[in-house]
Amino acid sequence: MNFSYKNILENAYHEIQQKDNDGKIATYIPELAHVAPSKFGAHMTCLDGTSLGIGDHIEKFSIQSIAKVLSLTLAYKLVGETLWERVDVEPSGTKFDSLLLLETYKGVPRNPFINSGAIVICDILISQLDNAKEAFLHFVRDLSDLPNLTYSDKIADSEKRTGFRNVALCNFIKSLGNIKNDPDDVLDFYFDMCSLEMTCQQLSHTFMFLANDGCKVSDGKPIITVNKSKRINALMLTCGFYDESGEFAFRVGLPGKSGVGGGIVALYPDNYTIAVWSPLLNEHGNSCKAMKLLEEVTTHSEMSIF
Ligand code: GLN
């Protein structure tokens, strides 16, 4: 390697920090509106043990839809390939909270990363587990090596009061027969799942299993099989950014997942994971600065999955 990720990360960070201030904070979840727009941090964790952080990389933020990758992982682990009878694996080309394609596809969401898909995944977890909320938290605590991780009541309650769109989605899917449990229980779990908070450092650590053939790096524990890990990464590449997934693959060239809290986690299999956070979002709900930083990292290193 004739380049240094540390230099690339630092140069890109400072340049973007000064120049790019486009985007808007998500305010439809009132609690998210309180975050300072200037927050910006990134953390990269490499399989060789290198760990690089910059800016607000050790400050917690709401990971929101990034948690959908973790709920998918647990559901896929529990039910295997039958999962795809309930959720498809195609990019939707629609906004993350769209109701549009549900009727066309008989209540089967296009993929597990749009809200409708993640809601069905929550339903599957509730059917599979005695206490899905507790079991999911336990699963993420183990993956992240954060034994004290909890849901944020503040964020979850805020979304529970205003998440009318998700209530509509869940009831609509129920009417089409693809929600098996009480919609109130499914939504309650969905909002809690989205309320998890982590730092960039913790997020990049948590996602290392997907850069390491499905095994945790800290203790070598297998979480999912190599093939399941391949498929989750493929879904992140094709569906991780909603109707901007093509753009992300085009500019960055890595599997990744965004959240409306302004976080993005991306990974380069067998190499590294990187989590970036800036709450200013573009019209697709993806962080402008985080996307730009990731583009700079893969462009200047000339290293991506392509
Ligand atoms: N909790 C958010 C919602 O359902 C998650 C959306 C996101 O991060 N894109 O609207």
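Each residue, glycine too, has its Cβ placed from N, Cα and C.
Of the residues V79, V226, V260, TrEMBL places V260 in the same substrate site as S65, N115, E159, N166, Y190, Y242. Once the Cα atoms of S65, N115, E159, N166, Y190, Y242, V260, the listed binders of substrate, are compared pairwise, the greatest separation found is 20 Å.
Less than 8 angstroms from the CB of E159 (substrate binding site) sit I29, E31, N166, F191, C194, S195, each of them six or more residues away in the same chain. Taking a Cβ distance under 6 Å to any atom of ligand 1 as the criterion, the binding-site residues N115, N166, Y190, Y242 reduce to N115, N166. Counted within 10 Å of its Cβ, the other Cβ atoms near N166 (substrate binding site) come to 22, all protein chains included.
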